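Presented below is the structure to which this report refers.
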Amino acid sequence: MITVNVDLGERAYPIHIGAGLIGRTDLFAPHITGSSVTIVTNTTVDPLYGDALRAALAPLGKRVSTVVLPDGEAYKNWETLNLIFDGLLTERADRKTTLVALGGGVIGDMTGFAAACYMRGVPFIQVPTTLLSQVDSSVGGKTGINHPLGKNMIGAFYQPQAVIADIGALTTLPDRELAAGVAEVIKTGAIADAAFFDWIEANVDALNRREPAALAHAVKRSCEIKASVVAADEREGGLRAILNFGHTFGHAIEAGLGYGEWLHGEAVGCGMVMAADLSVRLGLLDEASRQRLDAVIAAAHLPVRGPALGDARYMELMRVDKKAEAGAIKFILLKRFGDTLITQAPDEAVFATLAQTTR
């Protein structure tokens with residue numbers, strides 16, 4: 001087992017990475033101080049790992065309940081969030097009740113948001129079961145739900161007590177979900193660590209084959225990088241925005257097609273292709289680097305052409321973005337691997353990118 005620490009002073013927490021961790025009672029015990037625990041999971045994950053988690057919690061002598069939600073991005077909304085509150089209130093959960101998010105990014109985001117809101121804040125633990133959630137969404141305290149007009153527009157910054165990333169859970173992950181997680185790994189290397197990007201290029205096939213050593217390194221290095229960024233800029237006042245490389249275009253794709261049509265990581269992968277194209281057009285990135293990025297995204301079995309939503313629709317959707325200011329779209333662009341720039345772009349350049357990178 002490897003442990004990476006997120007250094008946030010009194011709110012610091014560990015990220016435990018390894019195989020078989022869902023069954024480790026000792027990893028949960030230090031973070032559960034109340035008399036009850038509520039597991040939040042979904043209809044796909046509960047049959048796979050719910051019993052193992054409940055067995056791990058049993059020796060703690062706590063009252064354990066489970067809320068099972070429908071599976072998918074399409075359910076990341078108010079109605080589903082209220083199912084969590086319904087479960088907590090039915091079980092008479094109090095301020096010391098610990099929520100445990102067992103699932104991917106949707107479950108983690110909604111459980112964290114429920115924890116931030118219920119009785120104005122209760123503790124929660126992240127147990128991410130997808131590669132995307134292990135390398136990205138479970139770390140850093142971003143929680144929330146989608147709105148029909150924009151992704152993740154309603155939420156809170158609220159840190160977990162711990163992240164327990166069991167890479168053994170990745171063996172049951174569908175191929176599309178695995179590729180979606182690799183997209184976030186690629187993003188992390190591209191924005192923050194050129195040497196890590198080189199490693200990803202050399203090992204993308206090993207990641208596709210789910211080789212345990214490759215997965216463990218990808219999760220570890222991605223978490224190290226994200227932990228350092230979050231520690232420096234917890235609430236996305238500046239530096240942390242670089243983690244949104246590919247997300248401005250990507251969120252537009254998700255909202256434009258309807259949540260769940262493309263996986264988040266698929267949209268981010270394609271969004272990176274689009275952002276790299278725009279980076280070249282603005283004279284920031286060299287063509288050879290753009291081609292390298294496109295190639296590794298394609299090798300991860302991710303889409304490299306965006307849907308034809310139309311220029312006006314893309315622009316409308318990208319203006320409904322957390323980075324936008326006074327309606328001006330801000331893009332995270334690449335200067336070189338490991339070096340980014342947050343900037344606006346002329347509409348003509350964006351239109352040229354859309355013409356080149358969409359169907």
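Positions of Cβ are set from backbone N, Cα and C atoms, glycine also.
Positions annotated as NAD(+) binding site by Swiss-Prot, on the basis of sequence analysis: 71-76, 105-109, 129-130, K142, K151. Under the heading Zn(2+) binding site, Swiss-Prot lists E184, H247, H264.
Reduced to three states, the DSSP call for T130 (NAD(+) binding site) is coil. Using Cα positions, the member of the binding-site residues E184, H247, H264 nearest to D109 (NAD(+) binding site) is identified as H264.
In terms of C-alpha distance, the listed binding-site residues E184, H247, H264 place H264 closest to D71 (NAD(+) binding site).
For the Zn(2+) site, the Cβ centre of E184, H247, H264 serves as reference, and the other residues of the chain with Cβ at most 8 Å from it are L132, D136, S137, A180, A183, K187, G246, G250, G265, A267, V268, G271. Annotation for H264 (Zn(2+) binding site): same-chain Cβ neighbours under 8 Å, separated by at least 6 residues, are E73, G105, L132, A180, G250, E254. On a Cα basis, K151 (NAD(+) binding site) lies 17 Å away from E184 (Zn(2+) binding site). Annotation note: K151 (NAD(+) binding site) sits in a strand segment as assigned by DSSP. Taking the C-alpha positions, the distance from H247 (Zn(2+) binding site) to T130 (NAD(+) binding site) comes to 19 Å.
Summary for the binding-site residues D71, E73, E184: the Cβ-based neighbour count within 10 Å is maximal at E184. Around I107 (NAD(+) binding site), the same-chain residues six or more apart in sequence whose CB sits under 8 Å from its CB are V40, T41, N42, V45, L69, A101, S133, listed in sequence order. Listed in sequence order, G103, G104, G105, A169, L170, L173, E177, A180, G181 are the same-chain residues at least 6 apart in sequence whose CB falls under 8 Å from the CB of T130 (NAD(+) binding site).
For G105 (NAD(+) binding site), other Cβ atoms within 10 Å of its Cβ number 25.
Long-range Cβ proximity for Y75 (NAD(+) binding site), meaning a same-chain Cβ under 8 A and a gap of 6 or more residues, is found for L69, V106.
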